[in-house]
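Dropping the structure in here first, questions after.
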Amino acid sequence: SIKKINSTGTANYCNKRTTPVKAEEGLTGRLSNESDTAVGCYGDTSSYSSDVHEALDAEGRCIITLHKIRLPTTSEVKDLAIINVYVPRAGDREDRLLYKLKFLSVLQSRCEALLQNKIHVIVLGDLNLTHKNIDNCEPETDVNCSTLPCKIWMNEMLQKSERDSSLPRSDGYLHETSLPGLKGGHFSDIFRFLNPNQENAYTNWCTTTDHRKTNYGRRLDYILVDTELAQFATECKIMTDVEGSDHCPVILTLNCESIPSPTCPQHCSKFMPEFKGQQQKLSSFFLKAEKKVKKTSELDSSPDDVLLSSLKTAIKRDASAADKSNSKKIKIDSNKMDGRQVSLTSFFTKSSSRTSYAETFSSQKSLSGSSSSQESSTALEGQNSQNSEASETNSSKNNSQAWKSLLKGPAPPPLCPGHKEPCVLKTVNKKGPNKNKQFYVCCRPDGAPGNPEFRCNFFRWLDDRHKKKT
């Protein structure tokens, strides 16, 4: 997007067999600098101000590619415009709802202008709306002031045989934002056209509640085809098995011949300055690396300087090795002196002086040195070993109990009453007084209400649970 403030963006990936003739970004035409490579046919959007035009194309929500096709009923080559859109989400904000409705109005105006110039049109992408009740797992919650205008727009966009008769023809928001002269009725929701009664056909699920596991979602991704071209559609499928997003792909198969362009349009990404001439070939990663040339400073140095530097390095190396050897000896001797684990209470008492440590160390050395025979030494070592093992066992038990008294760890989660299964701990991310508070809910994913296989209604704040225990 131009604003660089969000993650919106669209792209059309075309293989060589479907190389487009032209390509263009945006709906209003303000981003097209070269008329020769632009798709054209913008419709009458003069009732919107220039600021509105710039805002509608500033978020990177539309890309259009123009292709050449030949239908099986004729030898004539025809144009096909594929409009890939990411329609804005309104939420509870009225300003975003007005922005969304204006975006949809300009989209419809562009589509009808292309059709008037005898160019077939396919609109595809995330439309961020549901048309009929069959397209939503919770249809009763999908009719409000922010969703109803979008449903009506979709209803009027489609041909009469695919419309929902329960929806009104217009409302206040649509009347305020719609462009004049729009006709409607020129498109087909190709999935419903080929699968009119298929239920539970969703393309979007809430990932925070694991709705995808129970297929409890909505159909937000559509492929709209003009009514003439829709007669050549042979298959449209929702690929629910493709994961990696909260949406899934929708594919359409058309019975037509694609005629590729010999060259890519200037809007192709390989012509962009940030990508042009920088991509490396795969073969370059398998070449042998050249030997590094010695630094000029090393080559220009005199033999005396090199010898002096070598002597200094050797002296430093010997000194550091001696320090390491002495430190290792001290550590080994101290380990031999006392192999017991340090008590937890020793961290809270004053350390003994170095003098007492030296006395203990010297007395143990004299004791081991004054042994007169191998038998007495072996007996003494065996007795010390038994005493050491017993003291280590007692020390480890005491330390374990001490640590457990300090670090009790989290308490086990409660069991939900519906399934008698351990609950999961979640955190509130929504802004408000409860943000960052934690709570327990049933571990199962959400689903249709009343189905015991899905999540039950158990809910408990983590703080309330601790208060009950105290």
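Glycine is no exception: its Cβ is also placed from the backbone N, Cα and C atoms.
Predicted automatically and left uncurated, TrEMBL annotations should be read as such.
Just lifted these from TrEMBL, have a look:
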{"type": "ACT_SITE", "residues": "TYR86", "note": "active site"}
{"type": "ACT_SITE", "residues": "ASP126", "note": "active site, proton donor/acceptor"}
{"type": "SITE", "residues": "ASN128", "note": "site 'Transition state stabilizer'"}
{"type": "ACT_SITE", "residues": "HIS247", "note": "active site, proton acceptor"}
{"type": "COMPBIAS", "residues": "361-377", "note": "compositional bias 'Low complexity'"}
{"type": "COMPBIAS", "residues": "378-403", "note": "compositional bias 'Polar residues'"}
Using CB atoms and a 10 A radius, I'd like the single residue among the active-site residues ASP126, HIS247 with the highest neighbour count.
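Of the active-site residues ASP126, HIS247, the highest Cβ count within 10 Å belongs to ASP126.
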By the DSSP assignment reduced to helix, strand and coil, which category contains ASN128 (site 'Transition state stabilizer')?
coil
Return the residues near ASN128 (site 'Transition state stabilizer') by Cβ distance under 8 Å, restricted to its own chain and a separation of at least 6 in sequence.
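When sequence neighbours closer than 6 are ignored, ASN128 (site 'Transition state stabilizer') has VAL87, PRO88, ARG89, ALA90, LYS100, CYS150, LEU220 within Cβ distance under 8 Å.
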Enter the number of other CB atoms within 10 angstroms of the CB of TYR86 (active site).
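Excluding its own Cβ, the number within 10 Å is 20.
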Quick check: in three-state DSSP terms, what is HIS247 (active site, proton acceptor)?
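In three-state terms, HIS247 (active site, proton acceptor) counts as strand.
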Can you tell me how far the Cα of HIS247 (active site, proton acceptor) sits from the Cα of the residue listed as 'active site, proton donor/acceptor', in Å?
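About 9 Å separates the two Cα atoms.
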Taking DSSP as the reference, which of helix, strand or coil describes the residue listed as 'active site'?
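DSSP call for the residue listed as 'active site': strand.
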Using Cα coordinates, what distance in whole Å links the residue listed as 'active site' and ASP126 (active site, proton donor/acceptor)?
5
